[in-house]
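Q: So TrEMBL lists these for the protein:
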TRANSMEM  12-33  transmembrane segment
DOMAIN    98-328  domain 'ABC transmembrane type-1'
TRANSMEM  104-125  transmembrane segment
TRANSMEM  137-162  transmembrane segment
TRANSMEM  198-222  transmembrane segment
TRANSMEM  263-288  transmembrane segment
TRANSMEM  308-331  transmembrane segment
Amino acid sequence: MKRFIVFAGKRVLFAVPQLLAVSVMVFFLIRLLPGDPTYMLAGPYATVERIGEVRSSLGLDQPLLTQYAGYLKRTLTGDFGVSWRTSQPVLLDIQQRLPATLELVIGAVVVSVLIGVPLGVAVAVNRGGIADRLVFVYGMLAGSLPDFWIGLLLILVFFFALQWAPPPVGQLDFGVPSPDHITGAYIVDAALSGNWEVFWSAAGNIVLPLATLVIVYMPLVLKTARSSMEEMLDARFMLQAKASGLSRWTQLRYALRNALPPVVTVTGIVCWFLLGGAVLVETIFAWGGLGQYAVESVINSDYAPIQAVVLIMAVFTTLVFLIVDIVYYLLDPRISV
């Protein structure tokens, strides 16, 4: 147990300078974006004096290092500033939108793992068949198609042509009220409160954006599970297992356990990719999550939300890879502390 605590503690300490570096890069790179929030706030007919007042109120008239020091101090206390576009604290905006993004991303990861890993293992065990060829073609095609194109195609087919799916207007159908706030994720909140009308509306609306992300990003998990399982089945210890007379099921169980570490790593990478993919997918489906919020903030040169969203994504990514390291350690305790 002590060895595990030391292992996890070191990983957490390594994350601190990474997050600090992210905050520095985000703060200074955002200042290079086109557009000036002072002109958008002051209006097109503002005088020079009015523009100067707005710049002073935003703190943009101070040296960059002074601005960054103030930004870092506020961030460490949980103050991400105020969005001039929504006129709300950025932290409140994030609290309202983050659950929708997490619901989409976590759902896509779970579905990708539940389908991709068993399918990859099955193809590896029965390599050379039709399923093997189909999986290969699917992996090549899905990996080369952009997620927003897949999303638009699904809308065209299942909403406009077949009319099987609800319109891409957000997380709920028109006229359906939001469930009682518990976690912020509509499906979870509706299930916990027993509001099944809202539950089925939310479940129906998440199908197409979830399918978009799964179609595009599941091949990473699928191909890794397949190649890792094939490598284990061809390993020398499997020959020993066969020679020892172990059952086929026992052999596959040993092979799968040794094939899992690369799959765990790729699953963490998929989580990272999904955060980026969710930005455009949320915009297409008017999802109202953190990705759509980030896009609108970039378009309007709203500095505070952009900085906060990127930092939140960096924290999420760091946590994901921390979990990956811990799972790796649990699968193979020989990993160095």
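Glycine is no exception: its Cβ is also placed from the backbone N, Cα and C atoms.
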Q: Using a Cβ distance cut-off of under 8 Å, indicate which of 104-125, 198-222, 308-331 has the most pairs with the transmembrane segment (137-162).
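A: The stretch I would name here is 198-222.
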Q: With pairs 6 or more apart in sequence, are the transmembrane segment (263-288) and the transmembrane segment (12-33) linked by at least 3 Cβ pairs under 8 Å?
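A: Between the transmembrane segment (263-288) and the transmembrane segment (12-33), contact is absent.
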